[in-house]
Ligand SMILES: NC(=O)c1ccc[n+]([C@@H]2O[C@H](COP(=O)([O-])OP(=O)(O)OC[C@H]3O[C@@H](n4cnc5c(N)ncnc54)[C@H](O)[C@@H]3O)[C@@H](O)[C@H]2O)c1
Ligand SMILES: O=P(O)(O)OC[C@@H](O)[C@@H](O)[C@H](O)[C@H](O)CO
């Protein structure tokens, strides 16, 4: 069996590629990074190391790569695949959609077997978003025909994989923990279950639990850490003030999740505790600039900060620390991050209030807007003194 995986980056090699290879798939990575592609084509294998005391290593074999810039090769790979997965970043999905659409057309012409396409991105409805992009390249007749034999089940993926600084460009160090949850209700016949993947009937509680706990806490640690001059999440979490606030932001989203989904409060508390342990893993060094990356995405209405804060407000629950984390996000001025630079430019030209509205879509007369604005001004004052 052959899987085509888009994105031979950190999570692609360190998680999805590893699991698929262990499940017996030949993994064909599609990437636009020439070095990664050439190395994978040449070595056909790489090493995944677990960041833990034992330092366990996995030799991942039966892998290769194609260059994602060559749309015909991408389409041919999709046409021959038994499974398609992605980990490119949710904003990149639109760029891979054309090649996938072309590949699906080829499959139709050749009468190929049913196919599942699973986007493993940090987003609600990632595969559904990819499907919309792919369908944007197909006329209604093709959409209808392809829809009968191609499914896009949504997924939630969890494993912390920092930016790598290894001599071997293919080697990747990952945390030992992982969770991959796939929505079974969106699948069609002919799917071969992948060992290590958890299949559920309803993904929403899983993706929201993951995004609003792991990723909300993570970006809060990154933004507060960045403002305190910390280079890594580990360094940020060693600061008791930051660690306390990170816990409280996860308690706010925890109260929301418990209310929305009826999670057991003690079990959810253990989930938060486990996440804090993962953030403080001494065998990992995870840069705050990676975790805080793409603040426009992270401050957008459906992502890890605004969505839980608005829902908490609607239910009369606390959102103070979420507002504080958003304010810190607006202060994240990493010059190497184009989204951070865009926000900083808007703050200077539009002012704080209009910039908050522009990126969060929270109206200026909303109490959450006032809370973000107030906290932003406090942070600015603190930075001056
Ligand atoms: N790293 C983590 O801890 C982690 C954990 C869970 C989920 N995720 C999610 O996984 C996704 C990837 O994150 P990452 O940390 O692996 O990022 P990454 O930057 O390490 O990897 C992304 C890869 O996609 C490639 N890419 C970009 N454009 C492409 C294109 N058009 N075609 C093919 N490949 C292309 C890049 O060259 C890169 O190798 C994101 O959505 C992220 O939120 C990351
Ligand atoms: O990948 P992002 O930019 O959505 O978020 C950064 C990190 O929070 C994220 O990559 C985590 O490490 C990961 O989601 C853990 O499962």
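Keep in mind that glycine also has a Cβ here, set from the backbone N, Cα and C atoms.
As recorded in TrEMBL, the features of this protein are as follows:
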DOMAIN    1-190  domain 'Mannitol dehydrogenase N-terminal'
BINDING   3, 4, 5, 6, 7, 8, 9, 10, 11, 12, 13, 14  NAD(+) binding site
DOMAIN    203-346  domain 'Mannitol dehydrogenase C-terminal'
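Confidence for the domain 'Mannitol dehydrogenase C-terminal' (203-346), expressed as mean pLDDT, is 98. In the structure shown, across all protein chains, 7 is the one of the binding-site residues 7, 9 with the greatest number of other Cβ atoms within 10 Å. Only 7, 11, in sequence order, out of the binding-site residues 3, 5, 7, 11, 13 have a CB under 6 Å from ligand 1. Residue counts of the domain 'Mannitol dehydrogenase C-terminal' (203-346) by helix, strand and coil are 103 helix, 2 strand, 39 coil (DSSP-based).
Of all Cβ atoms in the shown protein chains, 30 besides its own fall within 10 Å of the Cβ of residue 5 (NAD(+) binding site).
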